[in-house]
Amino acid sequence: MTAEETVEIFTDGACKGNPGPGGWGAILRLGPHEKELWGGEKETTNNRMELTAAIRAIEALKRPIGGKIYTDSQYVMKGINEWIHGWKKNGWKTSDKKPVKNADLWQLLDAQVKLHKLEWIWVRGHSGHPENERADALANRGIEELKG
């Protein structure tokens, strides 16, 4: 796989109040090409926006591809890499038999991830990582546009 065939995705979610108005942002980079995506919801949570950012970014890929997806969300990282296998085995229930929170979004993310070969990478939020800062700005733009 050459660099030209490898996508880099940077995602972030934001919420004003939790729950409250929220936004999500994503940057997709393939070779010299970049695409910015963002959106918002009137009543949501930060975790739902983090998940939505990843889902919308992966949905935007036009064909199966390999690459890296960067998130500052431990919830998304642990969910996609560790917890999801048990949830699926348990019929979307947690180990203590409670329904998985945000199961609708986890199921969408799971379906999208299967189409690609993505490595998930955690980055510390608000620590000067340029693309994470841009994704955060896009997420906040999603919130601002709700007011429009």
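Placement of Cβ uses the backbone N, Cα and C atoms for every residue, glycine included.
Annotated Mg(2+) 2 binding site per Swiss-Prot: ASP12, ASP136, in sequence order. The Cβ of ASP136 (Mg(2+) 2 binding site) has 21 neighbouring Cβ atoms from other residues within 10 Å, across all protein chains displayed.
Residues or ranges marked as Mg(2+) 1 binding site in Swiss-Prot (evidence: sequence analysis): ASP12, GLU50, ASP72. In sequence order, THR11, ASP12, GLY13, TRP24, THR71, SER73, TYR75, VAL76 are the residues of the chain that are 6 or more apart from GLU50 (Mg(2+) 1 binding site) and have a CB within less than 8 Å of its CB.
Under the heading domain 'RNase H type-1', Swiss-Prot lists 3-144.
Within the same chain, residues 8, 10-16, 21-27, 36-42, 49, 53, 70, 72, 123 sit at least 6 positions outside the region 'Disordered' (129-148) and bring their C-beta atoms closer than 8 Å to a C-beta of that stretch. Taken from Swiss-Prot, the feature region 'Disordered' applies to 129-148.
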Problem set entry | DSSP three-state assignment for ASP12 (Mg(2+) 2 binding site) | strand
Seminar exercise, completed: Whole-number Å distance separating the Cα atoms of ASP136 (Mg(2+) 2 binding site) and ASP72 (Mg(2+) 1 binding site) is 10
Problem set entry | Residue among the binding-site residues ASP12, ASP72 whose Cβ has the most other Cβ atoms within 10 Å | ASP12
